[in-house]
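Notes follow the structure.
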Amino acid sequence: MVELTEFQKRRQENIKRNNDLLKKLHLGGAASRIKREAGVDDTHRTVVKKKKSPSVSRGRSASPKVAPVATRRSMRLRGEKVDNVGIPNVSDTQLMKMSLDGTSGSSVNDKELVDEIKDTPVIGDVKLSDLIKDEKEENLIEKFKSFANKNFSSGDFFEEIRKRQMENKAPELQKLQDDFDLQLYDVFQPNEIKLVYERITATYFHPSLDKKLIVAGDTSGNIGLWNVRDEPLSENGEDQMVEPDITKVKFFTKNVGKIDCFTSDTSKLLTASYDGSLRSIDLNSLQSNDILTLRNEYDDPLGISDFQFSYENPNVLLMTTLSGEFVNIDLREKIGEQISSNLRRLSDKKIGSFSINPNRPYEIATGSLDRTLKIWDIRKLVKKPEWSQYEDYDSCEIVSVYDSRLSVSAVSYSPTDNTLVCNGYDDTIRLFDVGSDNLPDDLQPKLTLKHNCQSGRWTSILKARFKQDQDVFAIANMKRAIDIYDSQGQQLAHLPTATVPAVISWHPLRNWIAGGNSSGKIFLFTDETVKKEEEE
């Protein structure tokens, strides 16, 4: 008998482990259980036979018996052993695709069970080590411990904004263009940096200054954390087998809508999903807590499309939904009661993006599928708004409205100079001056830029984002690049990429930017190469 290789042995162990797991979950009787619930039960069905009445023989000759034909039986019924039977040793997403295509050899019941497992969310508080089989808990904690150190704080971020606000004159255009002449990260190639399995829908650049941490989420609810390596690989071949340090975990059943960190504690991440879930990740202990599942009065989940912490109170979180609702909650109080009393309707359709005005924190801007950009005063309540077809929730007072030709994908406020940027499916970027205390009802842009930002089915929606410490914004380009502009519409940089880096995220304190594409990969641009050359 030929001896199995190490890889084949490991594969057999994985198959055995998966089959044992299915047995423990009692999945074998799932089909019978479903039949019983539907009222169709073959095992308990009794066949009522009619009594045979005695018949008088009439001398009829017996018909000749037909020789029995052998029935087809499966190898399992014949008692024959089949090698490599069970669920293949692949990821959940690959297994789902194989089941749908019929290439995995699984039965119909297996496909139904795969679908059921796929739609089962992570409930309650968990440790990442419980969801990641191939890494030990102590190794995971050691990997992210440096990001949990308190060597930086949200206070540093707000001090930077104050310093910018004290500057009377904007930097020269040439200096800005030099500052944002960024270089592509080259320790690993972008096609090696695969943070998640599917199309990226959210990215986040952690504010740590000592080390870089980039977090991404995809359409299947996976979260990927990339501990960026800054040291170049050795030229003597010692690091030939080294791969990017990426940790993947699945928390949600639908798109990851937003990733951020707590304003009061940057060692904790906050993640939200289209399935209505809001979860935290503690980088110090790698504990993930279930904060809430946003639901309406009928107990249906409301998909969270965007969230942002209040500038006035770091414990207050503002959120928008896929069906047009808005809510603000204090994370220190009981959340359930707040949702029922604070839920407002700001649109009859999806709100894809919203932003808080840093100079007037009681004002927010929303971009919606209803083809409008609206500015709201969330202090003022409006009962039964005339513009809405629904009568389920109260609304807020509308300050100003801009009507777009097509849907508005994103809105973002500049940190200091009262500029609001929006982009949409009409292939434009529009800049608005919102510094006045009395904005007109009909808002008009101060500048309109043509931009290739109409994404298709296979690319995430492109969204313009202002940098949090400078009046500079960036947006991905369908011609495979990241474009950077100042708040006056002057282009500062054009950073080419191999594919469309649709979902971008700024580092809040450094000139670093990351963009995620439709296959789960990340492009990272920094100014560190330029600085090293200047020092030399």
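Glycine is no exception: its Cβ is also placed from the backbone N, Cα and C atoms.
When Swiss-Prot is compared with the stretches 36-72, 73-109, the one noted as region 'Disordered' is 36-72. Nonlocal intrachain contacts for the repeat 'WD 3' (346-386), taken as residues 6+ away from its ends with a CB within less than 8 angstroms of a stretch CB, comprise 161, 305-306, 308, 310-312, 318, 320-326, 328, 394-413, 415-416, 418, 420, 422, 424, 434-435, 439, 443, 461, 463. Residue counts for the repeat 'WD 6' (496-535) by DSSP state, with H, G and I taken as helix and E and B as strand, are 8 helix, 15 strand, 17 coil. Listed as Cβ neighbours of the repeat 'WD 1' (195-236) (distance under 8 Å, sequence separation of 6 or more from its ends, same chain) are residues 91, 93, 121, 143-144, 146-147, 149, 151-152, 154, 156-157, 185, 187-188, 242, 244-261, 266, 269, 271, 273, 275, 281, 458-460, 502-510, 512-522, 524, 528.
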